[in-house]
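Structure record follows, encoded as structure tokens.
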Amino acid sequence: MDWLQFFFLHPVSLYQGAAFPFALLFNYLCITESFPTRARYLFLLAGGGVLALAAMGPYALLIFIPALCAVAMISSLSPQEVHGLTFFFQMGWQTLCHLGLHYKEYYLCEPPPVRFYITLSSLMLLTQRVTSLSLDISEGKVEAAWRGTRSRSSLCEHLWDALPYISYLLFFPALLGGSLCSFQRFQACVQRPRSLYPSISFWALTWRGLQILGLECLKVALRRVVSAGAGLDDCQRLECIYIMWSTAGLFKLTYYSHWILDDSLLHAAGFGSEAGQRPGEERYVPDVDIWTLETTHRISLFARQWNRSTAQWLKRLVFQRSRRWPVLQTFAFSAWWHGLHPGQVFGFLCWSVMVKADYLIHTFANGCIRSWPLRLLYRSLTWAHTQIIIAYVMLAVEGRSFSSLCRLCCSYNSIFPVTYCLLLFLLARRKHKCN
């Protein structure tokens, strides 16, 4: 009963599981002939509203208000100015909510309600959809809802025109978790003809359920190992590495199981399947590729594959638009988006330095190491170093507080990121001399 109690009674998992029958019902209704497009939008929107109220209670207003404001700005602003204003409004709103969490945790020293944590997580996902949509409009990929030429349209027509946008921002399969779905893909899936709508693959859902079950069993076993060992305060040398690695493994298993559950909900509703996809339609990007994450010896590849849709969103929103220090700016924005806790700021900035060092180290090694035995040894050592550094970053980010960060930095584990920092300095200096 240990893993059942830990996973299925987790609030987000519980609400995601409760939404599953409605996702299957939506998929079934889309296959029938009597479910028009507007009814599909309304079903997804109503489901999102009910799920938000059930999961967040009164805090659901923190989701509804920015979603309605975003639709109002999208409907009234020109494509040239829509992204800048919606971005600053959405990030400003999210930052205020995170400051409320800081005030509760650090000033009042009170644990915030679980519903507030769920709301903040959903708000971060809403920020992804709002900024993705505003970017699509500013880049001309999506037709703007700007009504400058139709100012005499009735209120009812304005509301029907805004329905796809508000439905996209609040549709229930992605409200509490899941891979970022672009507005183009969302609209294509909702408007897909009955003949092209993918049927429910119970084998695919069963396989995902078995994956979740296996991950939860591993998590139970690993949690017992972690609870039986010493903490970072009492560990010594190699024991610190083992404690850090096992604790980070517990975090990773939790993320993997939740991402697979979120992916299953999107598939059940018909938003995650490639079946029935039209030519030119955007492909679905799942958040997790466990094999790549656990076998890669490149920190930079891990960064691109960890929570893949979010990594692609950050690349588009920040990295590709930055003229100087794009890696640093991307990770700094990620720390802002996550809430600017001390551990998060340190963790993401440390990660950015590790990615930069990773590029230089592997570029240098690829030019020097020729024989396959040395390459095998090099790959093994860099794989171990990558896993340890990722574990270090993960403990910093998940620990969040300044006291947890101090314990981590004062432990024996800090020797590994310091080693990469020294290699970065030496290789950057060598590269500068060669140039």
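Glycine is no exception: its Cβ is also placed from the backbone N, Cα and C atoms.
Relative to the membrane, Tyr107 and Arg430 are listed by Swiss-Prot as lying on separate sides. Residues 207-227 are the range that Swiss-Prot records as transmembrane segment, among 186-206, 207-227. Annotation: stretch 121-136 has the most Cβ pairs under 8 Å to the transmembrane segment (60-76), among 6-26, 121-136, 325-338, 377-397, 408-428. When each of the listed stretches 6-26, 121-136, 207-227, 241-261, 408-428 is scored by C-beta pairs under 8 angstroms to the transmembrane segment (325-338), 121-136 comes out highest. Taking all protein chains in view, 18 other C-beta atoms sit within 10 angstroms of the C-beta of Asn307 (active site).
Annotation note: His338 (active site) sits in a helical segment as assigned by DSSP. Per-residue pLDDT, averaged over the topological domain 'Lumenal' (398-407), rounds to 90. In terms of C-beta pairs under 8 Å, the stretch of 121-136, 241-261, 341-357, 408-428 lying closest in packing to the transmembrane segment (41-56) is 121-136.
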